[in-house]
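Single-structure report; data block below.
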Amino acid sequence: LKCNKLVPLFYKTCPAGKDLCYKMYMVATPKVPVKRGCIDVCPKSSLLVKYVCCNTDRCN
């Protein structure tokens, strides 16, 4: 699986066990991602922070 880094021009190949790509952003500024990368379990979103997870190459 390949996941985009914070700047989507770059990506990395995820290590074994991290089978999801994720994008995290503040609810107040949804167009500005704060973090992107590989993750094993999708975190729960909160009132301030939203997580979007997916499982295809560079989907984040």
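Including glycine, each Cβ sits where the backbone N, Cα and C put it.
Among the candidates C53, C54, the disulfide partner that Swiss-Prot records for C59 is C54.
Candidates considered were C3, C42; Swiss-Prot assigns the disulfide partner of C21 as C3. Looking only at the disulfide-bonded residues C14, C42, the densest Cβ neighbourhood within 10 Å occurs at C14. For C54 (disulfide bond), the count of additional Cβ atoms within 10 Å of its Cβ stands at 15 [all protein chains shown].
Residue with the densest Cβ environment among the disulfide-bonded residues C3, C38, C53, C59: C3, by other Cβ atoms within 10 Å.
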